[in-house]
Every structure is written in structure tokens, then in C-alpha cells.
Amino acid sequence: MKKNDTAAVKITDIGVNGEGIGKVDGYTLFIKDAVIGDTVEAKVMKAKKNYGYARLMKVLSPSPDRVTPRCEFARKCGGCQIQEMSYGRQLAFKEQKVRGNLERIGGFSKELLDRVMEPVLGMEEPFGYRNKAQFPFGTDKQGNPVTGFYAGRTHDIIPNTDCALGAPVNREILETILGFMKKYQIPSYDEKTGNGLIRHVLIRCGSATGEIMVCLVVNGEEIPHADALIDRLAEMPGMTSITLSPNTRRTNVIMGDSFKVLWGQGYITDYIGNIKYQISPLSFYQVNPVQTEKLYSLAMEYADLKGGETVWDLYCGIGTISLFLAQKAGKVYGVEIIPQAIDDARKNAEINGIENAEFFVGKAEEVLPRWYRENEGAEAGLRGEGSRTRADVIVVDPPRKGCDEALLDTIVKMQPEKVVYVSCDPATLARDLKVLCGKGYELEKVRAVDMFPMTVHVETVVLMSRKDK
Ligand code: SAH
């Protein structure tokens, strides 16, 4: 097939980005927004030798798994990829994505995976789950300020203040800000020229507390007539923190380096389980609180702590998993590369009265090997119980690129009975599990958790144990 050809295609598979895959006379087409089971009319946009990318022109006969998307912008918007697929099918797709990677990249057998894979943990209500959103501001052709979401792979703003994945309160906040901007002629920032003022608005809601934070990211130090805006926002039930973060750099990075409080306090409070967290505009915090609690509870279940264990939580962020586990462990050490996150982790330990957690700033692949080397010398001959170089449980929760080999090597040397791997990328997960399994560990349990319904992302929690334990 060649560019601009059209054909009827039966969709028989799902690609890693949620796109439909079908064949026409042996030629494979990848078709965004086509659902497995559909027959669609597709137009080839880009043709390679053995495969091509086509655009969905018309659904000729819909799949039983095709549903009407809740959001009218679902196809254009870069936020969701699979809103037109039934939620049950989305979950099956994600579970299969994890399984497929473990088979292909990890080299694990079907029989083993049948035994160790537990059913994917989905949501009862897979919409309105996000506690955080960052809305870009721009200007429409008539010169009015607009806000919404970027269209897929672009910086074109689709005006929409009512995202189906976000908190309902976002809409009122954004409309209030847009109304204020019109009234006082405050311009949106323009990426192309570097002019204008309002760049982004960050909104966060504490799902357990109802507290709301609004942070205005501006190309400057202040907003003219800010009091008029603050008065309106502050009236909203739950409003707790209104801040301004100056960002005058010409960059894609959303937030500035600092923020100042315009009204209320500089943070909101939320709970995951019974642990309390203070969240500032610059802190990392999981965006789906309902699923985060399930994720951490699963990590806790896999760690199966009895009370006296030494636990390492690598890539600990603001110490969320560390503090969760500290409730049942003897001692928890957390390691994280971002110093401000460690400041938050220490503060969160303090406000929860947790005294058995200690945090280190640095790269996990440097901090852990160094700790091992330094303690190894001091303890030659003192292996086993009571040794500081041993760990009972090691938890890792790395970014998409997975763990460094140097880190995996040290984990193996520290001989933890259990390794709990929390992963946001099944491919690097499979690669790392293969390394650990080559060095004395075996796969015990694998469970996918759907942290991001309507998107192709999937989180996985894995339990590995030492073979000779
Ligand atoms: N466990 C936390 C955060 C996980 S996100 C939670 O559930 O909230 C992954 C974290 O790894 C991020 O906070 C990131 O800053 C950190 N990180 C990235 N590379 C790192 C490295 N080489 N060493 C330690 N931490 C790293």
C-alpha cells in the first residue's frame, strides 16, 4: 500500500500505544483510535516497506469493545489514548502488555506466568481520578485567553476546562481565571515570542481532605490586580493555598524553581491510608489517590513485614512507600536523587511521628553500593543477622528507564529475602527481572495496577524472593 490509499481493515490486535492493528493483504497498518474488533475504513498517511500508519476515517462495523467516549475531545487530546475502548478491555490490554513483555524480554515461560500473575487491579469508577492537573494557557484567533490540553504531540491548545479525568472543581477555577484575565486584559504567555504573562495553572486537590491548591505559573514576578482574582478563588469551598511560581525561562519545563504564597498556606494536606502528607506546588505526589493506596498496600502485602526487618526503599520520592512500610518494619532507608523530595520525606516522617525511617539524597546506584562497601569492611566476618550490609526487603520504584546494573548487583550482594519491584514500564521491568533471576532470585508474584485509566500506561508490582532462602 502507499500513501493516501484507503482500505477496509479488520482490527485484530492492539499496539503498545493503544492503536489498532490490522492487515490488508499481509501489509500491517497501525491505526490510532481503532479498537480491536472494529472494521474500519482507513487512509494510509505514512507507508513503509512492510507496515504503515493510517488514519481512521470511518468505523464500518464497531467492535463489541467500542464505547462512546465521555469526553468530546478524546480523539484529539494528547491526554487520553484509549477512551473509546471499554474499561474491561483496557484492563485486559494492560495485563497482556505486562505479560507479553515478561515473556519476550524477560524470557519467562507461559506456565510460570500463569502461576505468578494475579488479576489486574482496576478502578470501580475510571473517570475523575486525577488529583492534579497542569493547564497551559494560550490565546485563540479572536484574541481571547484559552486554556485546556495540548493536542497529541503538539503544543496546540484544545480549549477545554472540563477534563473527564480531572476533578470537577477544575472547571470553576479555570473559568474564574479566564474571566479575570478578560476583565483586566491580562495576556496568556506566548511560547513563540516569549511575551505575555500567564503560562500554566496547576490545580491539586487533596482527595481525603477536600483541600484545594491553585498555583499560577507566570512569566514575571507578579500578576496585576491579583487581589481581584484571589478574592474570587478564596471564596471557593476547600480553597487552602493560592500561590504564584515565576518562570521566565523559555523552556518546556512547566513550573518555576520557587513559589510565593498569595493567599492561605503554601501547601495542602492529604492522606494515603493513614499517612499524612504535606504537598507543596513543587512536590511530586502520585496523581491517582484511589489506586495509589491499592499500589502501596500491594507493595506492603508483598513485603510481608513482621516488625523487625531492615527495608530499603530505592527511588523513594517524598518517602511515600517508605513511610507506609515504616509502620511495620524495624528500619526503613529511603534513597532519592532530588534533594527537595528528601526534604519532604523527612518532614512527612516528622508530622506522622515516624522515627524509624532515614533518608539519603543521591543516585540509588551510587548510594547503595557505597553504603555496602563502607559497611562491608567494618563487618568482615559478621554476616547474617544484625549485619548492616544485609537487608530483609528491598523495594525499588524507578523511573521508566528502570534500574542501573550497578544497583542490581548491589541488591544481589545484600541478599534480601525479598525484592519488591514497582514499575511504570513493563519493558525495563522485564529486563531487570531477568538480571535478578540470573543471580539467585525467582519470580513469586506479578500484578498490574491501573493507575491511569483511559491511557496506555500501566504500573506493575512484582515480588521476587531468594531461591536459597
Ligand atoms: N516511590 C515514589 C516515587 C517514584 S517515582 C512514590 O511512589 O511516590 C521515581 C523517583 O525516582 C522520582 O522521585 C525520581 O526523582 C527518582 N529518581 C530518578 N532517578 C534516580 C536515581 N538514579 N536514583 C534515585 N532516585 C532517582
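Placed from the backbone N, Cα and C atoms, the Cβ positions cover glycine too.
TrEMBL labels come from automatic prediction, so no person has curated them.
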Point to revise | Per TrEMBL, member of Tyr267, Tyr302, Tyr315, Tyr421 binding S-adenosyl-L-methionine alongside Gln286, Glu336, Asp397 | key: Tyr315
Check your understanding: If you run through the domain 'TRAM' (1-58) with DSSP, how many residues end up as helix, strand and coil?
Key -> 0 helix, 36 strand, 22 coil
Review point. Looking at the binding-site residues Gln286, Tyr315, Glu336, Asp397, which has the shortest Cα distance to Cys424 (active site)?
Key: Asp397
Point to revise | Of Tyr315, Glu336, Cys424, recorded positions neighbouring ligand 1, Cβ under 6 A | key: Tyr315, Glu336
Check your understanding: Which of these binding-site residues has the least crowded Cβ, counting other Cβ atoms within 10 Å: Glu336, Asp397?
Key -> Asp397
Review point. So how far apart do the S-adenosyl-L-methionine binders Gln286, Tyr315, Glu336, Asp397 get, largest Cα to Cα in Å?
Key: 15
